[in-house]
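Right, one structure below, let's go through it.
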Amino acid sequence: MPKKPASEMAPDQRWKLQVFYLCFYGFMTQIRPGESFITPYLLGADKNFTKAEVTNEITPVLSYSYMAVLVPIFLLTDYLRYKPVLVLQSLSHISIWLLLVLGTSILAMQLMEFFYGITMAARIAYSSYIFSLVAPSRYQRMASYSRSAVLLGVFTSSVLGQLCVTLGGIRFLTLNYVSLGFVSFGLILTLFLERPRRSLFFNRPGGSGDATVPTELDRIAGGDAGGGTRGWRDMVLCRMLWELGALAKQPQLRLWSLWWVFNSAGYYLMLYYAHILWNEISPTTDNRRVYNGGVDAASTLLGAVTSFAAGYVKIRWTLWSELVIGVVTAFQAGLLLLMNSTTNIWLCYAAYILFRGSHQFLVPIAIFQIATSLSKELCALVFGVNTFFATVLKTVITVIVADKRGLGLSVHPQFYVYFGYFMLLAVVYLLAAIRVGVQHSHRRQPVELALAKELCQPSVESPAQEKSPEAGNVQA
């Protein structure tokens, strides 16, 4: 076989190098060993905030910040072609740890939560960056690589933090300085990322030289061809939102989108306040007996395993989706009740790990069920809309339940509210499962009767066929 010229090999090697660097970047930016210990750090001697201040004044700002910046960052990510938003995320990470190290007031910690909301909203830039580097045929595999790099980084960070605290006896303040060093290194890595020339919505490749198959945006924008670039930008997203209204009539897409909205809101509320609950159950002053990092590492590992296992579940989802969601949600409600009622911290840790693992089990199933009938562009928009509504719902619950301007509940009453929330969702899902089962059985009955008649028909005609030779000839 003749050897390929260097000009032909270079593009192929280039995108592989870019993907490798992006995965390395995703891994390194997750190395923040102090992250699992922020809550005990705020409640401990270093900052000495009260549980009421952390629960009702500081933590709620995270939900408000995330909701405020989610839509602008979603649009800016695509318009600015990813890299500027990743730089913003790195700068926000640095701001978080500077405020944790230097800040002493409630206002400083609220500002820290504000920057934390920006980093969460900016995750979309990393997860969608990969699509600008590779061909559509490689999307699924490359997306799994980038997600695996992030999960491995989170796991490594949690284990590293726990080892530093338990075995090294390192103070939380020192751990935060270490985290500040890692996120500063992450900013340097971000500066070496290549800025893509194209993006999903606002920066489409054009010209006659583009031999790619027309996408959903190209099809929708076809009617605005005479309107130029301005008409395309002004009208396409509106038309795609209009199409989403029609797509909402699909039962599976509607069901899993509702699961994404309602269950994700409850999941993240539990995540935000679980560390405060642990401190309430086991208020130790010995840092080496705080195992937040180990629990986060175990839950991340279990979440990765259950996500992987979900890809091998082969059932009729049109029939069993409601039942599976209902059973998992009822299981999560029981875990929340166990977390809130037990006085054994290890039992609370185990319930937390199982709760996160069960949620991560359904995430890839939801992604597949939503994305299976959608184009890449509509899929991105559906998940964006679902995440926005989940964030709005989470913020409303936070205002009512956690914020001091609302009910201002302490952490234990809050978890009873979350238990009731998941229990209500479980009842609704299980009732929907019963309705689907009844409808399915009613549809099967006419089919079974028709099959029974067909099976019985030859035995009725057989005497006549025996008496008539012509009938036998025709039958033959």
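Glycine residues also receive a Cβ, built from the backbone N, Cα and C atoms like all the rest.
Keep in mind that this is a model prediction, so the values were computed, not measured.
Here the transmembrane segment (20-43) has long-range neighbours at 49-51, 54, 58, 89-90, 93, 97, 100, 109, 126, 129-130, 133, 145-146, 148-150, 152-154, 156-158, 160-162, 164-165, 172-173, 175-176, 178-179, 182-183, 185-186, 189-190, 192-193, 275-276, 278-279, 287, 290, 292-293, 295-296, meaning same-chain residues at least 6 beyond its ends whose C-beta is under 8 angstroms from one of its own. What TrEMBL records for 20-43 (among others) is transmembrane segment.
The transmembrane segment annotation in TrEMBL covers 63-80 (among others).
Taken from TrEMBL, the feature transmembrane segment applies to 87-108 (among others).
Residues or ranges marked as transmembrane segment in TrEMBL: 114-136 (among others).
Marked as transmembrane segment by TrEMBL: 148-168 (among others).
Taken from TrEMBL, the feature transmembrane segment covers 174-193 (among others).
Residues or ranges marked as transmembrane segment by TrEMBL: 258-278 (among others).
Per TrEMBL, the feature transmembrane segment maps to 290-312 (among others). Same-chain residues lying 6+ beyond the ends of the transmembrane segment (290-312) with a Cβ under 8 Å from its Cβ atoms: 33, 36-37, 39-40, 148, 151, 154-155, 158-163, 165-166, 275, 278, 284, 349, 352-354, 356-365.
Within its own chain, the transmembrane segment (319-338) is flanked in space by residues 252, 255-256, 259, 263, 270, 347-348, 351-352, 354-355, 358-359, 361-362, 365, 369, 415, 418-419, 422-423, 425-426, 429-430, 432-433, 436-437, 440, which lie at least six positions past its ends and keep a Cβ under 8 Å from the stretch. Residues annotated as transmembrane segment in TrEMBL: 319-338 (among others).
If you look up TrEMBL, you'll see 344-368 (among others) marked as transmembrane segment. Away from its own ends, the transmembrane segment (344-368) comes close to residues 256, 259-260, 263, 267, 270-271, 274, 277-278, 281-282, 291, 295, 298-300, 302-307, 309-311, 313, 317, 324-325, 328, 331-332, 335-336, 338, 383 of its chain (Cβ-Cβ under 8 Å, at least six residues beyond either end).
Summarising the annotation, TrEMBL assigns transmembrane segment to 380-402 (among others).
Per TrEMBL, transmembrane segment is recorded for 414-434 (among others).
Counted as Cβ pairs under 8 Å, contacts with the transmembrane segment (414-434) are highest for 380-402 among 114-136, 148-168, 174-193, 380-402. Packing against the transmembrane segment (148-168) from elsewhere in the chain are residues 23-24, 26-37, 126, 175, 178, 287-288, 290-294, 296-297, 300-301, 303-304: each is 6 or more residues past its ends and has a CB under 8 Å from a CB in it.
Across the candidate stretches 87-108, 114-136, 174-193, 258-278, 380-402, the maximum count of CB pairs under 8 A to the transmembrane segment (63-80) is reached by 114-136. At the 8 Å Cβ cutoff, the transmembrane segment (174-193) and the transmembrane segment (87-108) share at least 3 close pairs (sequence separation 6 or more) and count as touching.
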